Each structure stands twice: as structure tokens, then as C-alpha cells.
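Q: Shown below is the structure under consideration.
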Amino acid sequence: MRASFFWLLPLLLILASVAQGQPTRPKPGIRRKPKPRPTPRFPQAPEPAEPTDLPPPLPPGPPSVFPDCPRECYCPPDFPSALYCDSRNLRRVPVIPPRIHYLYLQNNFITELPLESFQNATGLRWVNLDNNRIRKVDQRVLGKLPSLAFLYMEKNQLEEVPSALPRNLEQLRLSQNLISRIPPGVFSKLENLLLLDLQHNRLSDGVFKADTFQGLKNLMQLNLAHNILRKMPPKVPQAIHQLYLDSNKIETIPNGYFKDFPNLAFIRMNYNKLSDRGLPKNSFNISNLLVLHLSHNKISNVPAISNKLEHLYLNNNSIEKINGTQICPNNLVAFHDFSSDLENVPHLRYLRLDGNFLKPPIPLDLMMCFRLLQSVVI
């Protein structure tokens, strides 16, 4: 009997292992419920809309202490005449309260200025519309701002200078637009304008007529740099102090062009095509000229300068030699007498000549003439 038990024990172990490998059958009439699928923790994002380069407007800010303050702007409590609507992704000019004198609307997406843009704010003195997308300006909208003195419309898409500008305008900044037209008489009533900035546009020689600048009796700064001019603009206002003509294609300066500018102290004509042939003698020998920029041209000889010139930039030209005796405004022999009147010594303090075909040392006659020189780059 003990022997039969030893034979029975392996058989029971085999049957137990087979039973463990088979799945258990469910009881009749009972169905197993499928395991629930895990639900997403957050709802699925909607399908993306069509791509656009215009971000949505910013949500309204907190209520202001001023009931008339636009919700999309900021009205500083300590500066009640100012309204800050800059960098708000605005598509249009909000309703401006009448108390506002200083309006900041730069860095938005405004595309036009319709007639009703500043309907209630006729006391505006300062308007900044830089870096928008303005293409169209109603011909009457700016004329309704009689107190406007500073208008900034840089980095927009204007194709012409806006019309009917306010008479009291002092600064007009229109750089980095697409301006290729200046309407006739647009500046004729701007006697108070001191600064006109038209750099980085598409202005050509045909745009400037003999009467284009007529009326700008007190203009002090004119910036026409980075345009496509080949000639000097005609009839520039005589009161001008600073003239910027960098990065054009000007080859020639008419004889005596600068003689009618008694206050002209600053000239920039870098990156043009000026050569000795296009520079008449004494072109820049102007009594009150203090700073002269002529770098990156094709000049071979140092032009004649006046006693009062303090800074001269001639780098990156075609100059091969420099003669202090020839370019000295006064008689160099007189400077050997140290008891001579030092008031007549040339005022030149900074001279830049690098990027030419010159090599050190600096000529002695150059140093004898320009005794006040503090820096020479060669």
C-alpha cells in the first residue's frame, strides 16, 4: 500500500500543474465587465485655427482711478495727462479722453488713422505711433490737433508724407516707412518745425522740387539718410544746423551749395559716391561747420576746411598722401612763431584717416598746423 502511495503522489502533482495552466471558466450567466479605459485628465485641445501674424488683443487691465480711461490702456495716477496704450496688440486707436496731452500707441498693429481717431482729444501735444502698420491717414485727422508738437510715426508702411499737418508741429519723425512721395505744399505752413526725419525711405531726386521745403523757416535738423538720392536736395532751408545724407548715391555737390547756410554746423555724407571730381574747391570751407563726416566715399585728397572745424572723418576713402601745408586753413609759416595769436589756430581736435592708403608716421607739417589735435587715426 505504501508503494501505491508513492505512485499516486507524482500523478496528483501532474494533475495540479495542468489545472493551474488552464483559465478558470466563468459561472454560467455572469459576464465579465470590460476594464474601463482611463479618461484624459484634461480635455483635448481644439483644432488649431489658421495661422496669423496678429496676436490677440491683451485682456483689459484693472480699473483705473480715471473713469474715462480706456480699459485696454493705462492711465498713470500721477500723470493724468498721459495715456499709455503701447504694446497692447491694438488694431485701432481707442477712444482718447479730452484730458490727454501725451499719447503712447507704439508697438501695436494699427493699420490706419480714420477721421474719428482723435475726435475728443484735440489738446494732444505728443503722439507716438512708432512700429505699427499704418498705411492710410485721413487727410483731415491730424489737422484737428492744433496743439500737436511731436508726431512719431517711424516703422510703419506709409507711402507718402501725411497731409494737413498741424501748424504747431515741432518734430516730425517718419523714418523707416515706404515713403516715395511728398505732396505739394505739405510743409508750407510748418514754420515751427525744427526736426524733419525722413531717413530709411524710398525718396528719389524727382520727389524734391524747388518749393518742397518752402515754409520751413526754422528747420534745424533735416535727415534724408538711407534713401536713393543721386543729387543734393534743392532749396534746403537756410536755418539748417544739421544735415544728414548718409547712404545715398550722391556723386556731386554743386559749387557753392553750402554758402547760404550760416548756421550749418554738422554734415554727414558717409557711404555715398563722392570723388574729387564731384567736390568743388572749398565745398566744405564753411565758417561755422564743426563736424564733417565723409567716410566710405571715393575721395583722393583731403578737402579744404575752415578754422572752426573740430571733427573730420575721412576714413575708408582713396587718400594716398596728406600734405599739412596744403590743407592748413592758415599760413603754416606763421605758426613757427609761438607768440602768434592762438585764437587763429585751427580748432581740429579729431581726425580719422584709417582705411585709406596712408601709413604712419603722421606728417610733421600736419601736427604743426593742427596744434589742438587730440586724436589722429591713420
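Glycine is no exception: its Cβ is also placed from the backbone N, Cα and C atoms.
Fair warning: this is a prediction, and the values are worked out from it, not measured in the lab.
So Swiss-Prot says this about it:
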SIGNAL    1-21  signal peptide
REGION    22-62  region 'Disordered'
REPEAT    91-110  repeat 'LRR 1'
REPEAT    111-134  repeat 'LRR 2'
CARBOHYD  N120  N-linked glycosylation site
REPEAT    135-158  repeat 'LRR 3'
REPEAT    159-179  repeat 'LRR 4'
REPEAT    180-203  repeat 'LRR 5'
REPEAT    204-229  repeat 'LRR 6'
REPEAT    230-250  repeat 'LRR 7'
REPEAT    251-274  repeat 'LRR 8'
REPEAT    275-299  repeat 'LRR 9'
CARBOHYD  N285  N-linked glycosylation site
REPEAT    300-319  repeat 'LRR 10'
CARBOHYD  N316  N-linked glycosylation site
REPEAT    320-358  repeat 'LRR 11'
CARBOHYD  N323  N-linked glycosylation site
DISULFID  C328-C369  disulfide bond
REPEAT    359-378  repeat 'LRR 12'
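Show me how these features fit into the shown structure, please.
A: Same-chain residues lying 6+ beyond the ends of the repeat 'LRR 1' (91-110) with a Cβ under 8 Å from its Cβ atoms: 54, 57, 66, 68-70, 72-73, 79-85, 117-118, 120-134, 147, 152.
Using a Cβ-Cβ cut-off under 8 Å and counting only residues 6 or more beyond its ends in the same chain, the repeat 'LRR 2' (111-134) has close neighbours at 86, 91, 93, 95-105, 140-142, 144-158, 173.
The Cβ of N120 (N-linked glycosylation site) lies under 8 Å from the Cβ of V95, I96, P97, P98, each of which sits 6+ residues away along the same chain. Look at N120 (N-linked glycosylation site): DSSP puts it in coil.
Counting residue by residue with DSSP, the repeat 'LRR 3' (135-158) contains 3 helix, 5 strand, 16 coil.
Using a Cβ-Cβ cut-off under 8 Å and counting only residues 6 or more beyond its ends in the same chain, the repeat 'LRR 4' (159-179) has close neighbours at 130, 135, 137, 139-140, 142-143, 145-153, 186-187, 189-203, 223.
Outside the repeat 'LRR 5' (180-203) by six or more residues, the chain places 149, 154, 159-163, 165, 167-174, 209, 211-229, 244 with a CB less than 8 A from a CB of the stretch.
In this model, the repeat 'LRR 6' (204-229) carries an average pLDDT of 98.
Within its own chain, the repeat 'LRR 7' (230-250) is flanked in space by residues 199, 204-205, 208-214, 216-224, 257, 260-274, 293, which lie at least six positions past its ends and keep a Cβ under 8 Å from the stretch.
Residues 246, 251-259, 261-269, 305-306, 308-319, 329, 352, 355 of the same chain, all 6+ positions outside the repeat 'LRR 9' (275-299), place their C-beta atoms under 8 angstroms from a C-beta of that stretch.
A C-beta separation below 8 Å, combined with a sequence spacing of at least six in one chain, links N285 (N-linked glycosylation site) to P303, A304, I305, S306, P329. In the three-state DSSP reading, N285 (N-linked glycosylation site) counts as coil.
Listed as Cβ neighbours of the repeat 'LRR 10' (300-319) (distance under 8 Å, sequence separation of 6 or more from its ends, same chain) are residues 270, 275-276, 279, 281-294, 326-327, 329-330, 344-358, 377.
For N316 (N-linked glycosylation site), the same-chain residues 6+ apart in sequence whose C-beta sits under 8 angstroms from its C-beta are S295, H296, N297, D354, G355, N356.
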Q: At a 10 Å cut-off from the C-beta of C328 (disulfide bond), count the other C-beta atoms across all protein chains.
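A: Other Cβ atoms within 10 Å of C328 (disulfide bond): 22.
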Q: Do any residues at least six apart in sequence from N323 (N-linked glycosylation site), in the same chain, have a Cβ closer than 8 Å to its Cβ, and if so which, in order?
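A: In sequence order, P363, D365 meet the Cβ cut-off.
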Q: Which three-state DSSP class does C328 (disulfide bond) fall into?
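A: The residue in question, C328 (disulfide bond), is coil (DSSP, three-state).
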Q: Around the C-beta of C369 (disulfide bond), how many further C-beta atoms are within 10 angstroms, looking at every protein chain?
A: 22
